Amino acid sequence: MEKITCVCGHENPFGTKICGKCGRPLSEDAKAQKILDMRYDGSAIRSKTYNKSIIDKIWNFFSSVKVGVSLIVITLIASSLGTFFPQKFNIQAATEAEKALYYEQNYGTIGKLYYELGFSDIFNSWWYQILVGLLAISIIVASLDRGIPLYKSLKNQRVKRHESFMKKQRIVAQGPVTEGDPSKTLDLISEKMTQLRYKVRRDGNALLAEKNRFARSGPYINHLGLIIFIFGVMLRFVPGFHVDEAMWIREGEVRAIPGMEGYFLENEQFILETYDNDPTRAQIEQGVAAIPKNYQTNVKLYKQAEGALLGDTENMELVKEYSIRVNHPLKYDGYSIYQMDFRQNELKTMTFELTHKESGKSLGSLTIDLTDPDKEYVLGENTKVEILNYYPDFSGMKDGVPQTASQYPNNPAFVFKMTTPDKPKGEISFVSIGAPPVEAGENEYKMTFKNVETRNVSGLTIKKDVTIPILIIGGAIFLLGLAIGSYWNHRRLWVQQLEDGTIMLAAHTNKNWFSIKKDLDIVTDYAHLPKYRDQLEENGESDKEGDDVK
Amino acid sequence: MDKKKKRSIIRGIILLVLACAIIYTIYNSATKEKVEALADGDQAPDFELVDLEGNTHRLSDYKGQGVFLNFWGTWCEPCKKEMPAMERQYQQFKDQGVQVLAVNIAQSKFEVQNFVDQYDLTFPVVIDKTKSVMQAYNVGKLPATYLISPDGKVKKIPPGELSEQQIQSFMESIKPE
Amino acid sequence: MSLIDISGNLLFIAFFAYILGTVFIAGSIKRNDGAASRAEKWGKIGIVVAIIGFIAQLGYFITRWIYAGHAPVSNMFEFTTAFGMFLVGAFILIYFIYRVKILGLVALPIAILFISYATMFPTEVTPLVPSLQSHWLTIHVITAAIGQSILAISAVAGLIYLLKEVDPKTPSKERFWLEAILYCCVVIIGFIVVTITFRSMGYEAEFTYIDKTGKEADIVYNMPAIFGMNEYDLKTDGVMEPLIEMPALINAKKLTTVTWSFIAGTIIYLLYRLIARKRICELLHPLVKRVNINLVDEIGYRSVLIGFPVFSLGALVFAMIWAQIAWGRFWGWDPKEVWALITWLFYAAYLHLRLSKGWEGRKSAWLALIGFAIIIFNLVFVNLVIAGLHSYA
């Protein structure tokens, strides 16, 4: 690992291709090249020089651009696999078993294979996460490996370069001044280049005009942005950094907000508006009855009283009233509540009439609140209806006993006891929707269904994401670096005037030779310089692939 | 060769830190569900709910006694099977320092009262109207039972429906010393 | 005449201007008979006509915007038309930097194809559904479209590069794939021909079928049914019965459309081969003979370098910001989002391969074409075939 001492006396780190002081080619391949590789200004890419220990080997592996590009391509292909069939988290199925069945049922054997191989949950899989992790390591290692030497090299570069450096640049010129006084040439160059917004440095008979050095930092800045972004994403998995819950809440209900302890939401109203346009061709083709215009849930946000325990809803404080719409979530205390989904027309109340079967005479009506029924409803003197049993979601009989599937009033059924003046002992009737009443014997009275009231249910999602600012910063830095690296180019012009007044000149840019040539044309004309040559174009297409000299 | 060693160390540290960060993230991602849930040894969140008579019950009211905390619903078949067993064991243990607190998941007073009358339950039954306690205890499927020791900590969360024998031994296990 | 009619007429004008522009630019290609001055003049006219067309299409865009009250990028028709417009805009911009007219020979026909393809979809102004009611519709979609059209120029340059460099007379893998790409363009033409034909015949066939949830549903075919929906029942008389029935999972109507397009496209291609007795790439090869190949390569690379940041900004960053505001999650692995990510990763790989590994010339040209294929895949297949939260454009 010896340092390389150049003829000019400067000590270069091992592996340096071009002397950092004078520019003489040092390495064998640098000496052999017709046009020098200026990608890292001749500095040693550290990974390519040290290769001893296992740590070095791992480091070098990640520093390689070939490995990085391969990782990008593998990630790209892996991601595409996740789009052929819907991913697991998008399927409406409750249990794992149901999900497995879904793939086989809907997509046949390919679907089953898709599920078995884990492709139905690619983006959450450990190997996909490792892939992204490897990509991150690659970005960091490659940037450190190249960025630091490049920075040092550019910072320490000298104005005066050796002839062998100058002659091996892509753009060169040599010859006498075409007109005017040669002693003024360097001043003219300096003047023009300054006008073209270059920074000009002189050192005796040498001149260096440089512009946009910061552009070289572009890739390293954008890589930094990506790493910050990935870091932000990784942070979301740390418990507490990311809340993602969902709740269904009926109009009129007050519910505790999952994920947001101590807060309650009251759904005042759900509103669905549609456009009343004439059906468009798109609508007809897709079978859409009306195009939705607005989904909105008007809510009241409550906070528990100071020091109140879980479940205590006394003395709640109303902190916010808001209409949650798509694109307009409710924001409070770092949380955001989004309008996601809705269900319409859930049964809210049912109205029955106590009717005498034969005469059809009604003894009165009662309205039952399906989420809070009363035990009995008094209709008049010696006339009342009692609910002996209530089954909100009647699902059939089991051993003669009515069953309810859930607590939600999807299919209400009742066991009524009707007490009337001529039947003071009461008659019992089991009433359900869409079926005739089941009676113990032959009743004289029956409960006639009269009316329902419905209400809507809103589906909301609750999110809290502390990592969002980090992601924003990462994204912004990424874009900044990308812009810097893409839209600005680093240009340099080296000039030396020899004893006899002739000019030797070389120019380099990291990208966009087209534009630097325009600058060179201007200064060549102004300072009467010898015409420059593009050594790459002179070589023709033969240098197209392989050693890149951009 | 000091510089070489230094370089190796720096590189090694960087790689190690990166590897750890990635493994930590993957581990977190895989265990996301379990971390959010209540675990054995955690302090049981105190709460305040109202029973069918309008009396307020706090979990902390029962400090010093073991609490058999049960979340249930009237439509839930296993709950119906459990309740009579719970009632019987409650009669045995209530004077031995073990209480039963049954929390209903936001159903109507009508349904809860009917159920209590039907199964002749004597232990306190409260209704979690806003589902806030249910969320704090991360209740998923019903029935959900939480065994709380006299010092207020969650001793065990036995999953699913419990047999009478299991109820008996669990109540035994949370008796105060 | 209402604003929407004006808008439609302007689009019409733009469409024909692009066709005319293509003709003039094709005529301006210098041939050995030395009619140099005529070629110059034709070339200039071609560019001017293209610019007129672009301005007309801008007029269509603005008038439609005013009429609809929202940026006209909210459905398949609007987006694809806008994409064509930005493509022409990108071509004009690149032309003024590099003065390479021949790009127009490929860019303008692609824009024509885009607009034709777009008009196969419902063109009426539809009101915005709640999730699209946001300023971000304008910001995200337009920026993404501009980014994609600049990237598309690299594919235009790539195609020209390969048309010149790949020897049409020698069998090779490259020649095969080049011709395959040109064949795909013919299939798109086939789609347009077949749709217009059956539409002008007023063809309609109504079916009921059992969808994948087991429920009965209706569907109307606008082309003779080659493939039938699951357990279909033909309601209209005197129309073709499906030849094969498809399971519930597959949308037989779309499959039928695609099949008809391939049939028509293949027939057109075979007819062409019969008449011309040479491959399309052989036909086009002499047109690009005098092209400065290094410059075309440079243009291809520069358009990626210019377009990639714009694409990153529009298709990823703005998209993530809007998704967070609308749905509370900035990324949901929705197929459209994933394919935008794939596009982004691909062009990142392109830049790394070019800048660090020296992949220039032919390799770069093929990469550019693959990148464009990915963009088209996102536009066509992801929108129409794979469903998701994102199925507008």
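Yeah, the Cβs are placed from backbone N, Cα and C, and that goes for glycine too.
All TrEMBL annotations are machine predictions without curation.
Here is what TrEMBL says about this protein:
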| type | residues | note |
| --- | --- | --- |
| DOMAIN | C:85-197 | domain 'Cytochrome c assembly protein' |
| DOMAIN | C:270-390 | domain 'Cytochrome c assembly protein' |
| TRANSMEM | C:6-26 | transmembrane segment |
| TRANSMEM | C:47-67 | transmembrane segment |
| TRANSMEM | C:79-97 | transmembrane segment |
| TRANSMEM | C:102-121 | transmembrane segment |
| TRANSMEM | C:141-164 | transmembrane segment |
| TRANSMEM | C:176-198 | transmembrane segment |
| TRANSMEM | C:255-275 | transmembrane segment |
| TRANSMEM | C:304-325 | transmembrane segment |
| TRANSMEM | C:337-353 | transmembrane segment |
| TRANSMEM | C:365-389 | transmembrane segment |
Legend entry - For the domain 'Cytochrome c assembly protein' (C:85-197), mean pLDDT (0 to 100): 92
Inset, instruction - Given the cut-off of 8 Å on Cβ pairs that are 6 or more apart in sequence, determine whether the transmembrane segment (C:365-389) and the transmembrane segment (C:141-164) share at least 3 such pairs. - result: yes
Legend entry - Positions on the same chain near the transmembrane segment (C:79-97), where near means CB under 8 A and six or more residues out: 11, 14, 18, 47, 50-51, 53-54, 57-58, 60-61, 72-73, 103-104, 107-108, 110-112, 114-115, 117-119, 121, 141-142, 145-146, 148-150, 152-153, 156, 299, 302-303, 307, 379, 392-393
Inset, instruction - For the domain 'Cytochrome c assembly protein' (C:270-390), jot down how many residues DSSP puts in helix, in strand and in coil. - result: 98 helix, 0 strand, 23 coil
Inset, instruction - Provide the three-state DSSP residue tally for the domain 'Cytochrome c assembly protein' (C:85-197): helix first, then strand, then coil. - result: 90 helix, 0 strand, 23 coil
Inset, instruction - For the transmembrane segment (C:141-164), name the stretch out of C:6-26, C:102-121, C:176-198, C:255-275 with the most CB-CB pairs under 8 Å. - result: C:102-121
Inset, instruction - State the non-local partners of the transmembrane segment (C:6-26) in its own chain: residues 6+ outside its ends, Cβ under 8 Å from one of its Cβ atoms. - result: 42-43, 45-47, 49-50, 52-54, 56-57, 59-60, 63-64, 67, 81, 85, 88, 101-102, 104-105, 108-109, 111-112, 115-116, 287
